[in-house]
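Please read the structure below before turning to the comments.
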Amino acid sequence: MIEDKNQQRTQLEDLGEFGLIDHLTANFKISQKSTIKGIGDDAAVLDFGKKQVVVSTDLLVEGVHFDLSYVPLKHLGYKAIMVNLSDIYAMNASATQVTVSIAVSNRFPLEALEELYEGIHAAANVYGVDVVGGDTTSSTSGLLISVTAIGEIDKDEAVYRSGAKPNDLLVVTGDLGGSYMGLQVLEREKEVFKVNPNNQPDLDQYTYIIERQLKPEARKDIITLLKDLDVKPTAMIDISDGLSSEILHLCKHSKVGCDLYEDKIPLDPQVISTCEEFNIDSTTVALNGGEDYELLFTISQDDFPKIQSNPNFSVIGYMQEESAGIHLVTRAETKIPIKAQGWKNFKG
Ligand SMILES: [Mg+2]
């Protein structure tokens with residue numbers, strides 16, 4: 001489906017490790033005042049003054065987290081940054097720096113890594129974070145990308161998973177399930193392509209969900225919006241593994257129960273139509289699909305009027321006493337316990 005557009009193939013060993021980093025990061029500029037020293041010494045130097053520092057790391061492995069037969073390297077670079085920034089925003093913090101480390105096998109020429117770094121550069125630019133370090137090494141099996149994101153926050157402003165109280169409202173941003181359904185479409189097209197490489201897929205009706213999968217956006221805008229609305233969530237988490245597992249995290253850390261209303265879960269029309277086409281239940285997709293990188297948070301009921309008419313937010317349930325348990329209230333008004341799905345990267 002994605003043809004090799006790299007006509008030129010420069011072998012990585014022609015540059016050497018340090019030459020490679022210099023080459024890939026040559027046009028990265030510093031924009032954060034907390035960055036005292038970025039790339040170019042043994043370590044970066046950061047100065048946050050009186051702020052608290054938030055740190056998060058993710059590791060992406062070819063064949064486990066991404067499939068290069070349909071994920072363009074530029075998108076992969078962008079997404080690797082998004083996945084990490086999303087965790088910083090989920091703390092109510094602003095993201096300031098990232099480090100990017102990669103391990104590559106010799107099947108990747110320099111031109112492929114340039115594409116990857118174009119995506120990293122674009123994400124860093126759009127979100128205003130500095131790339132301040134990283135490492136490159138060789139790998140015997142495919143591509144690994146590890147990103148560490150750093151953010152800052154005023155003292156006492158961090159929002160943890162542990163602050164939700166009974167009767168707090170459960171709120172989610174954007175819509176859910178798009179990324180998972182986008183992946184289903186891409187997987188299907190990959191199979192079609194294997195049988196008939198000349199077949200040009202018509203993906204027009206799936207543009208939104210494919211973009212949700214290939215080029216997710218972390219919700220930096222929501223952190224700003226919540227400040228503007230003068231709403232501080234009582235607990236917050238980002239949706240990387242799916243709504244159900246994130247709700248379970250919030251409930252476990254806050255020691256509360258929850259009622260989630262099926263009819264309140266926000267779904268894009270393209271998710272609904274694609275679920276119908278694939279004969280998959282859209283609620284299951286929202287609950288277990290993951291990779292939406294939306295924010296899930298709880299607020300005191302007193303704050304409800306502040307978010308009520310804002311299209312970015314959907315109130316999807318409320319927190320209960322821990323003893324009440326954690327349930328999905330279906331459209332038919334039956335209560336189904338929400339259970340852990342396990343870690344999908346380890347599933348067959
Ligand atoms: Mg997270």
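Using N, Cα and C of the backbone, Cβ positions are placed for all residues, glycine too.
What TrEMBL says about this one:
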DOMAIN    40-153  domain 'PurM-like N-terminal'
BINDING   D42, D87, D238  Mg(2+) 3 binding site
BINDING   D42, S56, D87  Mg(2+) 4 binding site
BINDING   T57, D58, D135  Mg(2+) 1 binding site
BINDING   D58, D87  Mg(2+) 2 binding site
BINDING   H65, E291, W343  substrate binding site
BINDING   Y117, G134, D135, R161, S240  ATP binding site
BINDING   D241  Mg(2+) 5 binding site
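Feature map: annotations from TrEMBL on the structure.
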residue: D42; record: Mg(2+) 3 binding site; CB count, 10 Å: 6
residue: T57; record: Mg(2+) 1 binding site; CB count, 10 Å: 12
residue: D58; record: Mg(2+) 1 binding site; CB count, 10 Å: 17
residue: D87; record: Mg(2+) 3 binding site; CB count, 10 Å: 22
residue: Y117; record: ATP binding site; CB count, 10 Å: 23
residue: D135; record: Mg(2+) 1 binding site; CB count, 10 Å: 12
residue: R161; record: ATP binding site; CB count, 10 Å: 20
residue: D238; record: Mg(2+) 3 binding site; CB count, 10 Å: 24
residue: S240; record: ATP binding site; CB count, 10 Å: 19
residue: D241; record: Mg(2+) 5 binding site; CB count, 10 Å: 22
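Residue environment of H65 (substrate binding site) contains 18 other Cβ atoms, counted within 10 Å of its Cβ in all protein chains.
Rounded to a whole number, the distance between the Cα atoms of G134 (ATP binding site) and D42 (Mg(2+) 3 binding site) is 10 Å.
If you compare Cα positions, S56 (Mg(2+) 4 binding site) sits closest to G134 out of the binding-site residues H65, Y117, G134, D135. Looking just at the domain 'PurM-like N-terminal' (40-153), the mean pLDDT is 94. In sequence order, L59, N84, T99, V100, S101, I145, S146, V147, T148 are the same-chain residues whose CB sits within 8 A of the CB centroid of T57, D58, D135, the residues recorded for Mg(2+) 1 being left out. Highlighted here are the binding-site residues (D87, D238, S240, D241) whose C-beta falls below 6 Å from ligand 1: D87, D238, S240, in sequence order. Under DSSP, Y117 (ATP binding site) is assigned to a helix (H, G or I) in the three-state scheme. When the binding-site residues H65, Y117, D135, E291 are compared by Cα distance to D241 (Mg(2+) 5 binding site), the shortest distance belongs to E291.
As a summary of secondary structure, the domain 'PurM-like N-terminal' (40-153) carries 35 helix, 42 strand, 37 coil according to DSSP. In sequence order, the binding-site residues near T57 (Mg(2+) 1 binding site) (Cα within 10 Å of its Cα) are D87, drawn from D87, Y117, S240, E291.
The binding-site residues listed here (D58, D87, Y117, G134, R161, S240) include S240 as those with a Cα within 10 A of the Cα of E291 (substrate binding site).
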